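Asks: Pulled from TrEMBL, these are the listed features:
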BINDING   K46  ATP binding site
DOMAIN    18-324  domain 'Protein kinase'
Amino acid sequence: MGTGPIFVEEIPIRHVEWDDRLELGEGAFGVVESGTLRRTQRVAMKSVFLSRLDDPPEEPGIDEIVNFQREVETYSYMDHINVLKIIGVVQHQGNPEARDVTLHDPRTCIVVDLLTATRSAPAFDRPLPRYPQRLPSHPLPCPRHPQRPNNGSVGPSRWYGNAFLFARGIRYIHLRGFVHRDIKPDNALIREADGLLKIADFGMAERIQNGRVNPPDPSGGTLNYMAPEIWRRRILTPKVDIWAFGCCLIKIFGGGIPWGEFLNWEGWDRHGVIDAVTLQRRHPWVPAGWPQVVRNIVLDCLEYRPHRRPSAAEVLYRLEHLTVADVPP
């Protein structure tokens, strides 16, 4: 594993074709669309700014530019099977005189791999029995074949496989010296054909310096995946990603949306979540009926004190070694 960044190509806008404004989703600071690079390669493009045809052109603000630059820098350090890889950057200021809408649409884009037939959060939303009574007698998933086809199965091995690959991507991000700061199921892209999982959206990522991120910034992130030290404006470490991953495990293993009791038809009760996390020092509900070995992994990730949480490498090791022998009779 290299230590420096990889070269990021600056791609002329004429080499990119957008798919008629077909949006794949929204990241922390931009809209994600599909398209074609040089008429041959299918790609996804995250625009810092996308002007609407019926609105006057706007310019991206300082925050958007800073976060764009931060995301490009972070992506440039990533080269791993479980992390989305950057292909290049498109920077175009627009030409109001042009007739072609693409040319007068000012945009600054990050171009990344497009996973064919990709799904994100819905991959964790399929119905699952309350919990498998028995786990297979071999470790789940098999680490030597992490992206092996699963014949369409969404049984236990697929669910544990998702968790394993997710944790492996987080471990790599931390080894590269970054904290993702927005770990959640929406940012885990899964290719249906073979179950390959890649972590995306580094718009909130920060460098780790002396084992921590400083200063802390509670203004970004996803409410029900944010660690207590973020709200309390404490020094941040990679352990904020571990808390978020613990919340992801609740959903991956069929426990529902973390802090779902604070979600109603009007949206999130923001103050309810923050009070529960900070004042009451609670963690999201973890089903009591799960095998204790699995509950322990999740609960350890959700320790209130960051130094008590395991590292991503430790979580990965424990997920790798889940076997039927670990399940109480």
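Going from the start of the chain as shown, residues are counted 1 onward.
Positions of Cβ are set from backbone N, Cα and C atoms, glycine also.
Keep in mind that TrEMBL annotations are predicted by a computer and have not been checked by a curator.
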Asks: Can you see whether DSSP assigns the residue listed as 'ATP binding site' to helix, strand or coil?
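Replies: DSSP call for the residue listed as 'ATP binding site': strand.
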Asks: Compute the average pLDDT of the predicted model within the domain 'Protein kinase' (18-324).
Replies: 76
Asks: So for the residue listed as 'ATP binding site', how many other CB atoms are inside 10 Å of its CB?
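Replies: I get 30 for this one.
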